[in-house]
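What TrEMBL says about this protein:
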type	residues	note
TRANSMEM	12-34	transmembrane segment
TRANSMEM	46-70	transmembrane segment
TRANSMEM	91-112	transmembrane segment
TRANSMEM	118-137	transmembrane segment
TRANSMEM	144-164	transmembrane segment
TRANSMEM	176-198	transmembrane segment
TRANSMEM	230-250	transmembrane segment
TRANSMEM	256-277	transmembrane segment
TRANSMEM	289-310	transmembrane segment
Amino acid sequence: MKKVKAFFALVRWPNLVFIALTQYLFFYAVLYPVYERQQVTPNLNFLYLTLLMLSSVFIAGAGNIINDYFDLNIDVINKPGKVIIGKYIHRHWAISSHIVLSILGVAIGFYLDRKADTYFIGLTNLGCAVLLFVYSIVLKRKPLSGNIVISLLTAWTVGVVTFAETKTLIAGFSEAHVATITRVTILYVSFAFIISLVREMIKDMEDMEGDRRYNCRTFPILFGIPASKIFIYIWLFILIGLLLILLFYILQFRWWLGMAYIVVFVIAPLVSAYKAVNRAGSPKDFHEASSLVKTVMLTGICSMMFFWYYH
């Protein structure tokens, strides 16, 4: 039982549940109401959507394993109480689990291409698996490149759902409806990218001690804490600005409940995150700021429910 618990901790099961929630919510709360109104059959039925979700979860889980595998020495310094590989799970089994999960994720993608007529899901899944491997051994130790890769992959967990519906979007909808779906997709992809980029930078500041000892060249190590905080402030201001523009846009539809939700559960916590980063000076402080940003990721994704509510 200990090993089972350790395995779920290793793959970071809450993050995997978050991926599943994101993809189901985006499909059923954002895309499906448009399909129903236009009486169009989705490219993905429930089974195929579940397989798409599983492929994303498997690849993300594999990425978490290989990341911890190569970060073992650093994690002994940064997170001594959370080290799993070598303590609860043998290194050999960690690598084997990474390989199996990666193969399953890629194989499901190619299966969907064949059975559900999706376009290039197998290849994009393969690309994601390769990127996560390269990130773990090279990119995460370099300034910004690793942060950007993880942020892009986080955004892709939303974008892949629309991407899998390309065939239906081309054949079954007018240009106006395609434009609507595209705008909403860009909205959530952008949100996921920016909020993930902010969190990755905060985590780099949290992990500076171990990263520096093992010659990592992350942004905070190269340019310092003040410059890293400025980087975060810029992206937080951009995100809050975009959300304010969104509020003015949906004002015409009088989505009062949705607007109140965005202000209270997304914008206000982002302001709190800014304050938390501003006063942070220790790994514990940065961890608390990172947890707050992660909460905003969840509340932001849950805002998808309002598209279903108002349609």
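FYI, residue positions are counted from 1 along the chain as it appears here.
Using the three backbone atoms N, Cα and C, a Cβ is placed for every residue, glycine included.
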Ask   = Residues of the same chain, at least six outside the transmembrane segment (46-70), with any C-beta under 8 angstroms of its C-beta?
value = 10-12, 15-16, 19-20, 23-24, 27, 84-85, 91, 94-95, 97-99, 101-102, 104-106, 108-109, 111-112, 115-116, 118, 121, 125, 128-129, 132-133, 135-137, 140, 153, 157, 160-161, 164
Query = For the transmembrane segment (12-34), which partner among 118-137, 176-198, 230-250 gives the most CB pairs under 8 Å?
reply = 176-198
Query = Given the transmembrane segment (256-277), which of the listed stretches 91-112, 176-198, 230-250, 289-310 has the most Cβ pairs that are under 8 Å apart from it?
reply = 289-310
Inquiry  = Check for me, if you would, whether the transmembrane segment (289-310) reaches the transmembrane segment (91-112) - at least 3 Cβ pairs under 8 Å, residues 6 or more apart in sequence.
reply    = no
Request  = Report, as numbers and ranges, every residue of the chain located at least six residues beyond the transmembrane segment (230-250) whose Cβ falls under 8 Å of a Cβ in that stretch; write 'none' if there are none.
outcome  = 187, 190-191, 194-195, 197-198, 201-202, 219, 258-259, 262-263, 266-267, 270-271, 273-274, 277-278
Request  = Give residue numbers and ranges for long-range contacts of the transmembrane segment (118-137): same chain, 6 or more residues beyond its ends, CB-CB under 8 A.
outcome  = 43-44, 48, 52, 55-56, 59-60, 62-63, 66-67, 69-71, 102, 105-112, 146, 149-150, 153, 156, 160, 163-164, 166-167
